[in-house]
Amino acid sequence: MMAAMATARVRMGPRCAQALWRMPWLPVFLSLAAAAAAAAAEQQVPLVLWSSDRDLWAPAADTHEGHITSDLQLSTYLDPALELGPRNVLLFLQDKLSIEDFTAYGGVFGNKQDSAFSNLENALDLAPSSLVLPAVDWYAVSTLTTYLQEKLGASPLHVDLATLRELKLNASLPALLLIRLPYTASSGLMAPREVLTGNDEVIGQVLSTLKSEDVPYTAALTAVRPSRVARDVAVVAGGLGRQLLQKQPVSPVIHPPVSYNDTAPRILFWAQNFSVAYKDQWEDLTPLTFGVQELNLTGSFWNDSFARLSLTYERLFGTTVTFKFILANRLYPVSARHWFTMERLEVHSNGSVAYFNASQVTGPSIYSFHCEYVSSLSKKGSLLVARTQPSPWQMMLQDFQIQAFNVMGEQFSYASDCASFFSPGIWMGLLTSLFMLFIFTYGLHMILSLKTMDRFDDHKGPTISLTQIV
């Protein structure tokens, strides 16, 4: 089944290949093509659907090689299964997955015993109806849970294997079960094959439980974001291959974001640098905040319309200081979408509270918010405005990112950036384009103004003599 997803290779003769590589523009063209292909691959994830009912999808509906399925097209595939199929829907949500994972680790070329997707392949073979979409737009997947909730009229229930065995599912009542696969492809302690095999075992155990209870169902497997099977290689215009004995660059250590959890991850917060000043005395809170297991999140709170992330630090400036990020989620009728806003940032210390307005930290609730600088300093944009001036407190967050609504796992959704449209780089590009357009127009005008001479003197011919008439 997965072998059909592998692409065929085209072989070139040695003479043709040597002739092509003599062309100076070919490496540059291949570099740009590879970069464009890599950028496009990061925007899509696969989606696998199967059901215990028959005739939910047409036999040729899954022939989508090279096509990216949009959210509208995905709804046309899901509507028949949700309206005519079973009312019990399972959504297996993995951290990272790409179509290349099936090619690299699936049971292709008859090697079924080496497949990391044995339970998934068996489920697809035995399912009366199945559908495989190799490339689905990330936006469609990010809104899949909300779409299923609206179509079924049931809230998503986060379950694990133990909880599923205790549930009593009814074929007539709708149920949306969200199963987060416990292994993530970002784990450095496990190989990708072991990660995918562990996820496949969870899928097999869940399906066995439903089969033993004789419960009809429709299942879907997808991921939050794509993964990369091959190791990233820097593509430059000068050449595509690695240099011999090249030393691999050491990647910087990136700490995981701060995550507030109740029954699931609710609020995510990250910054490359988190610094605070009190009476012009600066303290770097980055090593005390990110990657710290004992971070005090007492006072944090979350629901669908309001979120509060509370960070408490002891012995900061000689006392206990608490920073509270207050966010609200509202539905705006004009856009018919939910937007979140960080209403304020509170600093609690010694019984006093300092307030910073942060109304410019806003975006659609399905996205996270990212900004290069969120600071109270004027030279850094002043997105944080103190209510009382002058304030003894100063804040500076570099490469700031936060998400408090529609969080799925320990990873941020795609970010809504604070960068304005008319940035200095865009102004430079516009002015340069206008200047080049002026030069082109002037040159075209000069070319069109050229005139040919219909008469001229022939210096090699006889001279013209004029007789003087008296």
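Placement of Cβ uses the backbone N, Cα and C atoms for every residue, glycine included.
What Swiss-Prot lists as signal peptide is 1-41.
In this model, the topological domain 'Lumenal' (42-419) carries an average pLDDT of 82. What Swiss-Prot records for 42-419 is topological domain 'Lumenal', and it gives sequence analysis as the kind of evidence.
Under 8 Å, Cβ to Cβ, and six or more positions away along its own chain, N170 (N-linked glycosylation site) finds no residue. Per Swiss-Prot, the feature N-linked glycosylation site maps to N170 (among others); the stated evidence is sequence analysis.
Annotation source Swiss-Prot lists N-linked glycosylation site at N261 (among others). Under 8 Å, Cβ to Cβ, and six or more positions away along its own chain, N261 (N-linked glycosylation site) finds no residue. The secondary structure of N261 (N-linked glycosylation site), as reduced to three states from DSSP, is extended strand.
Taking the Cβ of N273 (N-linked glycosylation site) as centre and 10 Å as the limit, one finds 13 other Cβ atoms among all the protein chains shown. Under DSSP, N273 (N-linked glycosylation site) is assigned to a strand (E or B) in the three-state scheme. What Swiss-Prot lists as N-linked glycosylation site is N273 (among others).
Taken from Swiss-Prot, the feature N-linked glycosylation site covers N296 (among others). Within 10 Å of the C-beta of N296 (N-linked glycosylation site) we count 14 further C-beta atoms, all protein chains included. In the three-state DSSP assignment, the secondary structure recorded for N296 (N-linked glycosylation site) is strand.
Per Swiss-Prot, the feature N-linked glycosylation site maps to N303 (among others); the stated evidence is experimental evidence. The 10 Å shell around the Cβ of N303 (N-linked glycosylation site) contains 11 further Cβ atoms across the protein chains shown.
Annotation for N350 (N-linked glycosylation site): same-chain Cβ neighbours under 8 Å, separated by at least 6 residues, are T319. Residues or ranges marked as N-linked glycosylation site by Swiss-Prot: N350 (among others).
The N-linked glycosylation site annotation in Swiss-Prot covers N357 (among others). When secondary structure is read from DSSP and collapsed to three states, N357 (N-linked glycosylation site) falls in the strand class.
As annotated by Swiss-Prot, disulfide bond applies to C371-C418, with the evidence given as experimental evidence. For C371 (disulfide bond), the Cβ neighbour count at a 10 Å cut-off comes to 23, with all displayed protein chains included.
For the transmembrane segment (420-440), the list of distant contacts is empty: no same-chain residue at least six beyond its ends comes Cβ to Cβ under 8 Å. Annotated transmembrane segment per Swiss-Prot: 420-440, in sequence order, evidence recorded as sequence analysis.
Under the heading topological domain 'Cytoplasmic', Swiss-Prot lists 441-470, citing sequence analysis as support.
Positions annotated as phosphoserine by Swiss-Prot: S465.
Residue density at N357 (N-linked glycosylation site): 15 other Cβ atoms are found within 10 A of its Cβ, drawing on all protein chains shown. Rounded to a whole number, the C-alpha distance linking N273 (N-linked glycosylation site) with C371 (disulfide bond) is 12 angstrom.
Ranked by Cα separation from C371 (disulfide bond), the glycosylation sites N296, N303, N357 are led by N357. Secondary structure at N303 (N-linked glycosylation site), as computed by DSSP, is coil. Taking CA atoms as the reference points, C418 (disulfide bond) and N357 (N-linked glycosylation site) are 16 Å apart.
Classification of C371 (disulfide bond) by DSSP places it within a strand. When other Cβ atoms within 10 Å of the Cβ of C418 (disulfide bond) are tallied across all protein chains shown, the result is 18.
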